[in-house]
Every structure is written in C-alpha cells, then in structure tokens.
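*Asks:* According to Swiss-Prot, the feature N6-(pyridoxal phosphate)lysine maps to Lys34, an assignment based on sequence analysis. Under the heading active site, proton acceptor, Swiss-Prot lists Lys34, Tyr251. Taken from Swiss-Prot, the feature substrate binding site covers Arg128, Met299.
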Amino acid sequence: MRGTRVEIRLAALRNNALRAAELAGDAQVFAMVKANGYGHGLLLAAETMLDSVSGLGVAVLDEARTLREHGIALPILVAEGFFDAEELEAAARLSLEVVVHSLWQVELLLANPCPVRIWLKVNAGMNRLGLRPNEALSAAARLSQAGNAPVGVMSHFACADMDEDIHSEKQLLLAGSVAEQLQLPLSASNSAALLRYPRAHAQRVRPGIMLYGSSPFNWQTAAELGLQVSHRFSARLIAINAVEAGESVGYGATWTASDPRQIGVVAVGYGDGYPRHAPSGTPVAVNGVVTTLVGRVSMDMITIDVTGLSASVGDEVELWGDVVDVDDVARACGTISYELFCQITQRPERTIV
C-alpha cells in the first residue's frame with residue numbers, strides 16, 4: 001500500500017469536547033461540526049462528542065439533514081440559516097434552530113410562517129453577517145407579533161484569537177445589549193473566546209477548532225490549552241536520492257543544495273490535500289525526528305531533507321500530528337489549521353482509533 005494516511009482519534013475528540021464543557025461552566029456547548037467536521041468526518045465528529053455537548057452547529061441545512069437522517073436528536077443550529085421557503089420548511093420539519101442574519105430572511109419568515117426556532121444574529125462589528133442592533137430589535141418585534149418570536153441572540157467575534165484584541169469587548173457589549181433588551185439568551189463565544197474570555201460565555205458557546213486539537217492562538221499550543229491531537233497525517237518515504245552541491249530539486253528548481261544532501265521523496269502531495277503552497281523549510285518528521293520540506297510540492301509527492309537521519313525507503317513521515325504541530329505547519333504555509341484539516345482529499349486512507 002502507498003501508506004498515505006489520516007488518523008482520526010476519537011478519544012482526543014472526546015477529551016477536547018469535555019475540555020470545552022469544563023471551560024463553559026453553566027453555558028450550553030454547541031460543538032461546531034460544519035465542513036465535514038473540520039475534515040474529521042461529519043457523522044464521526046458528531047457521534048463521538050454527543051455525550052459531552054448540549055447541541056451541534058453546522059453551516060448549511062444539508063449538513064443538519066444528514067445528522068437527522070442518521071438518528072442524531074440533539075438540537076442543531078444552522079449558522080447560515082435558510083436560503084428559501086423550501087429550506088425554511090425543511091428546517092421546521094427537522095426541528096432545527098436557524099440563524100436569521102439578514103432582513104430578507106425576516107421577510108421570508110413573515111411571508112412563510114413556520115414553527116422554527118430562530119436565533120437572531122447581530123452584527124456587532126465583524127461586518128460579515130448579522131443585523132445592526134436597531135434592525136435586530138425591530139425584526140424581533142415583527143417576528144414576535146407574527147407568532148414566531150426569536151429564542152436567542154447570537155454574534156461572532158472578529159479578533160478574539162489575536163494577541164492585541166481591542167474589538168471583542170465592544171462586540172460583546174453591543175450583542176449583549178440586544179440580548180438584554182430582548183430578554184433572550186446570548187451566544188457569541190467561539191473557541192478563542194471560550195478559552196480567553198469567561199465573561200463572554202453567556203448562555204451558549206460555539207467551539208470549533210479547539211475540538212479538533214488545534215490552538216486558535218499563535219502564543220499558546222494546543223497541549224498548553226489541555227487539548228489533544230485528533231488528526232494525524234502521515235505518508236511514506238518511497239525514494240532517497242543523493243544530491244550534489246549546486247543541484248536543484250523539484251519543479252521550478254526552487255531549492256538548490258548548498259552542499260551534498262540526502263533527499264527523501266515522500267508519497268504525498270496536493271492531490272492528497274497537502275498544501276501546495278508549503279515552502280521549503282516547512283516542518284515534517286521522519287521516524288519522530290523533525291526535518292524540513294525542500295522544493296516545490298507536487299500533486300503526488302514532496303521532497304524532504306533526510307541528511308544525517310536514520311531513514312530508509314518505507315519509513316513513516318509525519319506531516320502533522322504528534323511531533324509536528326499542525327499549527328506550525330499552518331504558520332509556515334501562511335494559513336490556519338482549519339484549512340489544512342478541511343482540504344484533505346479522499347485519496348489518503350482513513351484510520352479511526
């Protein structure tokens with residue numbers, strides 16, 4: 001076998017969900033399992049964390065429908081809400097909670113009354129989705145008069161994961177003010193806010209990336225936050241070549257040896273979901289020893305420096321997991337672990353442990 005493999009660890013998912021619940025205190029924990037459970041598998045992630053959380057969060061109705069069709073009865077929040085009357089009716093039929101983030105959704109609800117649980121989303125400064133505070137208050141009044149009163153207020157922090165965060169306090173005050181005026185529960189905390197701002201926990205938190213063993217911060221590791229690795233990506237060495245000083249490696253000859261080196265060829269590439277934009281110097285580990293990527297990532301292969309290492313064809317190369325922190329790989333690539341998890345393709349073997 002080629003040996004390119006993704007290992008999903010159920011015990012780590014459970015640990016991380018319990019860690020979120022511990023931090024949340026009395027607040028409900030809605031585990032975000034959108035985007036195929038951040039690349040871990042929608043059903044796998046949901047079923048593994050069922051006993052540790054109060055509900056689940058998805059982005060779109062089809063994800064929620066899949067969960068319901070597989071017997072998951074926990075409350076499910078659909079973060080993008082509904083796109084048309086048909087989806088609105090389906091949300092009611094499936095007993096889903098839907099986010100109302102725009103005035104056109106308010107009008108659609110008023111024109112198509114449905115017994116659906118509504119969370120009004122307040123734009124408290126992120127300027128992506130959400131009603132302005134005055135719009136949210138007006139929408140709540142109109143929906144209540146029509147017999148479909150919202151059950152909660154939610155918002156989303158823009159900068160809770162940043163070292164110098166000057167926005168979250170203001171956002172919390174704005175969203176909290178709307179919730180207080182409407183006398184409704186508030187949900188605003190993502191992973192970063194759950195870990196960092198106890199005041200923001202309110203009545204419901206919506207952790208995502210921390211559940212999958214990754215830190216939302218660049219100054220604290222997942223292990224330091226009490227999280228465990230749930231996603232390990234590995235491959236095998238399929239060749240080792242001697243390269244002389246002045247010789248280049250890979251497409252575009254982007255890396256040139258300054259002295260004689262031993263270059264390992266690894267059976268993984270962007271066709272498997274390894275980031276094509278990973279630069280030379282990105283960490284990998286051979287038999288538990290960290291070394292680096294050299295040259296450009298190909299569709300099916302990468303090349304790494306194994307000079308001085310005890311390395312043979314067939315040996316395992318960890319791309320991220322126990323030795324190589326996924327967040328270090330993400331930083332090297334100028335991206336975030338969320339993208340790395342989500343872009344793994346169907347080609348690597350999946351192992352559930």
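Positions of Cβ are set from backbone N, Cα and C atoms, glycine also.
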*Asks:* How long is the line from the C-alpha of Arg128 (substrate binding site) to the C-alpha of the residue listed as 'N6-(pyridoxal phosphate)lysine', rounded to the nearest angstrom?
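*Replies:* Between the alpha carbons of Arg128 (substrate binding site) and the residue listed as 'N6-(pyridoxal phosphate)lysine' there are 18 Å.
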*Asks:* Could you state the whole-number distance in Å separating the C-alpha atoms of Met299 (substrate binding site) and Tyr251 (active site, proton acceptor)?
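*Replies:* Pair distance, Cα basis, whole Å: 11 Å.
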*Asks:* Counting Cβ atoms within 10 Å of each candidate's own Cβ, which of the recorded positions Lys34, Arg128 comes out highest?
*Replies:* Lys34
*Asks:* Taking the Cβ of Met299 (substrate binding site) as centre, how many other Cβ atoms lie within 10 Å?
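*Replies:* I get 10 for this one.
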*Asks:* Distance between Lys34 (N6-(pyridoxal phosphate)lysine) and Tyr251 (active site, proton acceptor) at the Cα atoms, whole Å?
*Replies:* 35
